[in-house]
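Participant: The structure that follows is given in the form of structure tokens.
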Amino acid sequence: MVEQTQHPTILQKVSGQLLSSSVSQDIRGYASASKRPATYQKHAAYGNYSNAAFQYPLVAASQIATTTSPVFVQAPGEKGFTNFAIDFMMGGVSAAVSKTAAAPIERVKLLIQNQDEMLKAGRLTEPYKGIRDCFGRTIRDEGIGSLWRGNTANVIRYFPTQALNFAFKDYFKRLFNFKKDKDGYWKWFAGNLASGGAAGASSLLFVYSLDYARTRLANDSKSAKKGGGERQFNGLVDVYKKTLKSDGIAGLYRGFNISCAGIIVYRGLYFGLYDSVKPVLLTGDLQDSFFASFALGWLITNGAGLASYPIDTVRRRMMMTSGEAVKYKSSFDAFSQIVKKEGAKSLFKGAGANILRAVAGAGVLAGYDKLQLIVFGKKYGSGGA
């Protein structure tokens, strides 16, 4: 499940496995005591919460922590500030490349996922029939460049998210520093969920409004009946101005609570499934096989993401009501109304596009990292969701 804040995407797994960066190495140096699965080494967030913090995204708990100060971000001790800054910026470029490459399918996912809210608000003429229909209509009505609408906010979100990862890291590591072999599986598992929820929510608190703005821009369709085909928002700043004017700060954080719950749900499913299935399937020659481990991680990531996808749908549907006359009273009210009026399948609209997005981004990021190795002599990961 967050652009989804944040859950590991396939592209982040690929870069984490095949192309481990200096950024990820520094982060792992500060990582929590519990060892993560091989396919989950990369600091990231699954697409639904991304960035994230949810496609955050959200950030893996063992990778979010703090320096001594909750305000200032300190570079790892063994690296000079200059090298750290270069890694940080290059990680941003890498994140921008992967996010921009996947932006068209990401917008299609959001359009399909939130189309019922757009129909109710009179901002969509008729429902989309599928991924191909959504692509075709969007290009026909708005032009091919519109497929990247909302991508700027998604790229910008990387930088505060990455800084917050360092800002919150050590604090939550000290609070939930349980070891699986010493404290037992269930205590480690509970600590992992708690640290993930606390760290994810803390980071998400600062970047959630960017995810909100990205969602509103991506779903600002030009083919609407309302407004004679004109867009509702003229850009990122306009989203903030109009939302604050109509709904205040609360409008920027609609769906925040259910987003935090989504972190716990996803992490519980991911780690629970991985720890349960890996000892059974990855035995013998498969135990040390990268491809077998990657395939298992890919299946579990998408399985956990699909199971937690309804949470992402509810939070984004709640986002879409900011500025509208009728709003959901709560996340439970949103869930109940969606199921009652549209059926349970409506909670999974856009899930297929969400999987395709991860596949599309994987090859692009791997290729980009290979280019970095040739040009710079080292690889930089995206570092964040």
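Glycine is treated like the rest: Cβ placed from N, Cα and C.
Copied straight from Swiss-Prot:
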- 1-74: transit peptide (TRANSIT)
- 82-175: repeat 'Solcar 1' (REPEAT)
- 84-111: transmembrane segment (TRANSMEM)
- 152-176: transmembrane segment (TRANSMEM)
- Arg157, Lys169, Arg315: ADP binding site (BINDING)
- 185-205: transmembrane segment (TRANSMEM)
- 256-277: transmembrane segment (TRANSMEM)
- 288-374: repeat 'Solcar 3' (REPEAT)
- 291-311: transmembrane segment (TRANSMEM)
- 315-320: region 'Important for transport activity' (REGION)
- 351-371: transmembrane segment (TRANSMEM)
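Locate each feature and note its surroundings.
Facilitator: The average pLDDT the prediction assigns to the repeat 'Solcar 1' (82-175) is 87.
When secondary structure is read from DSSP and collapsed to three states, Arg157 (ADP binding site) falls in the coil class.
Long-range neighbours of the region 'Important for transport activity' (315-320) within the same chain, counting only residues 6 or more positions beyond its ends whose Cβ lies under 8 Å from a Cβ of the stretch, are 54, 110, 113-114, 116-118, 121, 212, 215-216, 219, 254-256, 258-259, 262, 327-328, 331, 334, 338.
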Participant: Taking the Cβ of Arg315 (ADP binding site) as the centre, count every other Cβ atom within 10 Å, in any protein chain shown.
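Facilitator: Step by step: centre on the Cβ of Arg315 (ADP binding site), count other Cβ atoms within 10 Å, giving 31.
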